[in-house]
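What TrEMBL annotates here:
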type	residues	note
DOMAIN	41-126	domain 'Ig-like'
DOMAIN	140-209	domain 'Ig-like'
DOMAIN	227-324	domain 'Ig-like'
SIGNAL	1-19	signal peptide
TRANSMEM	331-352	transmembrane segment
Amino acid sequence: MGRVWGLIALLMCFYRANAAAAGFIKCPLSLTKIVSGWAELHCEVVGSPLPEVQWWFIEGHEPNETFTQLFDGARDDRVRVNATYLAHSTSTIHLTDLGLHDTGTYECRASNDPDRNELKKTPKIKWIRSQANVIVIERPNIIAEPFEVFNQTSAVLRCNLTETTLPVQGSHWLLNGKVIESSKSTEPSPFTSLSLDKITTHSGGKYECVFLIDPPVQQAVEVKTPPHVGAYKHSENGDENDKVLLTCVSHGYPLPSDWSWSKTQADGSLAPIVNNTAEKYEIKSTPNKTTLAITDLSIELDKGEYVCIGVSDLGASSDRIQLRVRSRLAAVWPFLGIVVEVIILVTIIFIYEKRRKPDEIQDGSTGTSPCCCSWWAT
């Protein structure tokens, strides 16, 4: 029995020698966010054994503070908690669709004490804690002028940031989500502008002024232009009984919301093409592109002019593609021509060589020279 207790004591000493108290190596940082935005807090802890990590939300002030543990799916599924326990313990809490009521103190707790969750024993310090404040504010107001540009060849876009006490660290403009490099500014000004000297179908789009405060805010200005439809290739060739693909693209803003294809008739009228007609026509369209696939090509029925039409809120635009259908033997004719040329050339060479040869000796002649005759006579 004494040996058993000795072994237990040895194991306890070994455990204490290898145990290490929990300690933070990365703490959550305080954030200021805007209503309807999102926030993310992160902490990392070391210790042996690996510490458990929890997140808590603190409301009120001492001595009337209330503590609420946050778990994955809390607050109507607006809270996501991710944790990993590998070389050390890491945990991240992600808050979405923020409201003013989400303002408060968020606490990361960690402990590797085996009795950390035991409530019946004498209380002692079992958890280490690190706190960060999340402040949710109303969205600052941005006055954009003009709010929309339509049917203009040039314009000046302006934005004015109002009703905010946050410091401005600069500004820039976006076009369809991409930064306009020439618009970047580090001036701490609540005002920014962008000049559009020539508005084309390629310069139309969704412009956004961005003010670099913490967090950044932005306001959209739409520059609308009529659609411009263009064929990818204005002339296409296809082989009989084969398949061909006709393509049209569009520029402008907004992009076409409806695409259609037609075929020009002999009298100049347009005959609409219906998608999936007898499995011969297949039309696929996205806002900026449309394609028409024609299978089992026929020289008599399918050759001709095809028209693609794109329609947006600001009008319609179209372009034309000329389709030529070749016979399946079209690729054979050049080869046959080469074969015929080779045959003719060989024939000419044969005839020429034949005429160059001396006349053959007539039958019955001795074919001997006089000197040979004299030698035999002697």
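A Cβ is built for glycine as well, from the same backbone N, Cα and C atoms used for every other residue.
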### Query
Could you give the number of helix, strand and coil residues in the domain 'Ig-like' (41-126) as assigned by DSSP?
7 helix, 43 strand, 36 coil
### Task
Report, as numbers and ranges, every residue of the chain located at least six residues beyond the transmembrane segment (331-352) whose Cβ falls under 8 Å of a Cβ in that stretch; write 'none' if there are none.
239
### Per-state residue totals over the domain 'Ig-like' (140-209) - DSSP helix, strand, coil
3 helix, 35 strand, 32 coil
